[in-house]
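> Reproduced below are the annotations present in TrEMBL:
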{"type": "TRANSMEM", "residues": "29-51", "note": "transmembrane segment"}
{"type": "DOMAIN", "residues": "41-308", "note": "domain 'G-protein coupled receptors family 1 profile'"}
{"type": "TRANSMEM", "residues": "63-86", "note": "transmembrane segment"}
{"type": "TRANSMEM", "residues": "106-128", "note": "transmembrane segment"}
{"type": "TRANSMEM", "residues": "149-174", "note": "transmembrane segment"}
{"type": "TRANSMEM", "residues": "194-226", "note": "transmembrane segment"}
{"type": "TRANSMEM", "residues": "247-270", "note": "transmembrane segment"}
{"type": "TRANSMEM", "residues": "290-311", "note": "transmembrane segment"}
Amino acid sequence: MWPNASSLGPCFRPMNITREERRLIASPWFAASFCLVGLASNLLALSVLMGARQGSSQSRSSFLTFLCGLVLTDFMGLLVTGAIVVTQHFVLFEWQTVDPGCSLCHFMGVIMVFFGLCPLLLGAAMASERFLGITRPFSRPATASQRRAWTTVGLVWASALALGLLPLLGMGHYTVQYPGSWCFLTLGTDPGDVAFGLLFALLGSISVGMSFLLNTISVATLCHVYHGQATAQQRPRDCEVEMMVQLMGIMVVASICWMPLLVFIAQTVLQSPPAMSPMGQLSRPTERQLLIYLRVATWNQILDPWVYILFRRAVIQRFYPRLSTRSRSLSLQPQFTRRSTIH
């Protein structure tokens with residue numbers, strides 16, 4: 001693919017970096033600690049989720065199913081990618097020696113795209129589910145909510161995996177990235193690389209934008225219900241407020257962590273003159289920016305479980321005791337508690 005890389009696999013670009021530079025860029029102990037904290041956080045969130053699902057309502061059960069899918073995705077993403085990156089930081093192996101055929105690089109590229117897109121797509125799916133649950137409470141059969149939620153999670157996983165496999169089918173390439181410890185899509189001028197980079201960035205950005213739009217409408221509807229005048233038909237709605245607070249937190253975390261990387265990818269592949277030289281080299285500032293934005297995006301997998309852990313009613317009530325003693329609020333679904341007895 002590049003003139004000076006004909007003897008190597010298609011995933012290798014020219015990268016002038018010494019072993020000592022690689023050792024200074026990333027501490028193996030920091031990488032290992034980062035992964036362990038993330039894995040422990042997701043395991044804690046899973047244990048809390050398992051307890052919360054018992055005896056929950058249909059709408060809440062569906063929401064918790066999506067959360068389980070999100071936490072499982074974050075856990076597996078940290079486990080698989082962390083195993084490769086931490087090993088590389090400790091051993092400092094030369095990728096050309098260990099993986100001359102690029103099989104490991106292709107595998108890591110696929111899982112980086114898969115575990116990167118899944119949280120964004122799941123966030124959009126959760127926003128859609130809550131939007132329908134709040135604004136169209138009778139549009140779906142409640143008995144099938146949990147099965148439908150797991151089906152949606154499965155479709156999200158399948159869609160993200162299908163997108164991740166596109167470079168292996170000829171649309172774009174996965175290459176070893178600076179400082180030689182990970183693989184990702186190529187920010188080059190090849191039409192396939194440009195198309196795949198834009199597809200990844202646009203799909204992620206659309207997911208974040210869709211989440212923002214639907215969550216805004218859901219919050220506005222919920223506020224309207226809480227401040228409505230018809231108070232004859234009421235039941236506690238604390239669970240809906242709790243779910244929306246958690247969903248807004250997940251959306252904010254995803255936006256802060258992922259949007260810088262998504263915007264950077266789109267800007268770089270569309271840059272004129274091209275950021276990548278005909279020899280396959282990126283400038284050192286560009287490579288460092290990509291590494292920094294990737295590290296910021298990785299924080300999403302650690303912060304997601306803490307959004308659920310910290311924004312539960314049991315925790316919120318410690319800081320806002322009025323939540324537990326507040327009077328009943330207006331229901332989103334009419335309850336016919338009073339019937340006329342006059343004929």
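Residue numbering: from 1, along the chain as shown.
For all residues, glycine too, the Cβ spot is worked out from N, Cα and C.
Are these features on the surface or tucked inside, and what touches them?
Within the same chain, residues 64, 67-68, 71-72, 74-75, 78-79, 82, 85-86, 89-90, 298, 301-302, 304-306, 308-309, 312 sit at least 6 positions outside the transmembrane segment (29-51) and bring their C-beta atoms closer than 8 Å to a C-beta of that stretch.
Residues 28, 31-32, 34-35, 38-39, 42-43, 45-46, 49, 52-53, 56, 104, 108, 111-112, 114-115, 118-119, 122-123, 125-126, 129-130, 133, 146, 149-150, 152-153, 156-157, 181-182, 243, 246-247, 250, 300-302, 304-305, 308 of the same chain sit 6 or more residues outside the transmembrane segment (63-86) yet have a Cβ under 8 Å from a Cβ within it.
Listed by sequence, the residues of this chain that lie at least six past the ends of the transmembrane segment (194-226) yet keep a Cβ under 8 A from its Cβ atoms are 113, 116-117, 120-121, 123-124, 126-128, 130-131, 134-135, 163, 166-167, 171-172, 185-188, 237, 240-241, 244, 247-248, 251, 254-255, 258-259, 262-263, 265-266, 268-270, 329-332.
Within its own chain, the transmembrane segment (247-270) has Cβ neighbours under 8 Å at 63, 70, 116, 119-120, 123, 126-127, 130, 185, 187-188, 193-194, 197-198, 200-202, 204-205, 208, 211-212, 215, 218-219, 286, 289-290, 293-294, 296-300, 303-304, 307, 311, counting only residues six or more beyond its boundaries.
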> Looking only at the domain 'G-protein coupled receptors family 1 profile' (41-308), report the model's average pLDDT.
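Mean per-residue confidence for the domain 'G-protein coupled receptors family 1 profile' (41-308): 85 out of 100.
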